[in-house]
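Residues or ranges marked as phosphothreonine in Swiss-Prot: THR37. Under the heading chlorophyll a 1 binding site, Swiss-Prot lists TRP80, SER86, GLU99, ARG219, citing similarity to another entry as support. Feature annotation from Swiss-Prot assigns transmembrane segment to 100-120, 152-172, 220-240. The chlorophyll a 2 binding site feature in Swiss-Prot is assigned to HIS102; the stated evidence is similarity to another entry. Annotation source Swiss-Prot lists chlorophyll b 2 binding site at ARG104, VAL153, LEU182, citing similarity to another entry. For GLN137, LEU147, GLU214, the entry in Swiss-Prot reads chlorophyll a 3 binding site. According to Swiss-Prot, the chlorophyll b 5 binding site annotation covers GLN165, PHE262. The chlorophyll a 5 binding site annotation in Swiss-Prot covers LYS213, GLN231, and the record cites similarity to another entry as its basis.
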Amino acid sequence: MAASTTALSSPFAGKAVKLSPSSSEVTGNGKVTMRKTANKAKPVSSGSPWYGPDRVKYLGPFSGESPSYLTGEFPGDYGWDTAGLSADPETFAKNRELEVIHCRWAMLGALGCVFPELLARNGVKFGEAVWFKAGSQIFSEGGLDYLGNPSLVHAQSILAIWACQVVLMGAVEGYRVAGEPLGEVVDPLYPGGSFDPLGLAEDPEAFAELKVKEIKNGRLAMFSMFGFFVQALVTGKGPLENLADHLADPVNNNAWSYATNFVPGK
């Protein structure tokens, strides 16, 4: 019997399921055993400016030649790797996963740092809206209440908060690391299925562009979080308060003026 191949759509975005019986799987009584394997996503159109050898580079037309191992296959590849961190395929795969995960945490974190302060400036009452001061409210006399509502979530116990963090984050990380808790074909970075209820990944070309947008915004968010940490250490204020101070007096409230405060003898 001639071998046949059938492609079926998978519930996970960017994946296809290949049913490919080999000659050894076809028995004499005509019974066929199907084997499920993960197929690669459809290649991105050569017209995309973010992929392939002609993609946008880190210095535009002055970038020079990219390393041979940076082929433009993955989102966010601008052909720059002076430290050679991507030369080893296994190391590159690990670093790529870590970057995407940290990008997502940074985007959530940056929003979480700015949004409460924004609400507080518009009349919403918080015990403490500045992100690096909020946690210490649990030691205050009134304790810590979510959104100012003492009955919403009981947050007076540090041990209870710690336990919730361990259980909730541990469950998510366990799901991600295990990869296939339900025996399904899963991409740990872009699982699709239930994680894509809006169907944003149904069009391969649109999905490829969304990956680029995610990694670009994630990298900006990581730099933002670094800036928030530095601001907290130097000024002791939240990001929006620092922005307001800078707009009110840009000459005396900027990175250079704060940096010169640490010059010996000043």
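Using the three backbone atoms N, Cα and C, a Cβ is placed for every residue, glycine included.
Residues within less than 8 Å, Cβ to Cβ, of HIS102 (chlorophyll a 2 binding site) and separated from it by at least 6 positions along the same chain comprise GLY218, MET222. Here the transmembrane segment (100-120) has long-range neighbours at 126, 129-131, 134, 189, 214-215, 217-219, 221-222, 224-225, 228, 238-241, meaning same-chain residues at least 6 beyond its ends whose C-beta is under 8 angstroms from one of its own.
Cα of SER86 (chlorophyll a 1 binding site) to Cα of GLU214 (chlorophyll a 3 binding site): a distance of 20 Å. Ranking the binding-site residues TRP80, PHE262 by how many Cβ atoms sit within 10 Å of each one's Cβ puts TRP80 at the top. The residues near the chlorophyll a 1 site, meaning same-chain residues not in TRP80, SER86, GLU99, ARG219 whose C-beta sits within 8 angstroms of the mean position of the site's C-beta atoms, are GLY76, ASP77, TYR78, ASP81, LEU85, ASN95, in sequence order. Each of the binding-site residues ARG104, LYS213, ARG219 was scored by other CB atoms within 10 A of its CB, and the lowest score goes to LYS213. When the binding-site residues SER86, GLN137, GLN165, GLN231 are compared by the number of other C-beta atoms lying within 10 angstroms of their own C-beta, GLN165 comes out lowest. Taking the C-alpha positions, the distance from TRP80 (chlorophyll a 1 binding site) to GLN231 (chlorophyll a 5 binding site) comes to 29 Å. The shortest Cα-Cα distance from LYS213 (chlorophyll a 5 binding site) to any of the binding-site residues (GLU99, GLN165, PHE262) is found for GLU99. Taking the C-alpha atom of GLN137 (chlorophyll a 3 binding site) as reference, the shortest distance to any of the binding-site residues GLU99, GLN165, PHE262 belongs to GLN165. Of all the binding-site residues in the list ARG104, GLN165, GLN231, PHE262, the shortest Cα-Cα distance to ARG219 (chlorophyll a 1 binding site) is found for ARG104. Summarising the environment of GLU99 (chlorophyll a 1 binding site), the number of other Cβ atoms within 10 Å of its Cβ, over all protein chains shown, is 16.
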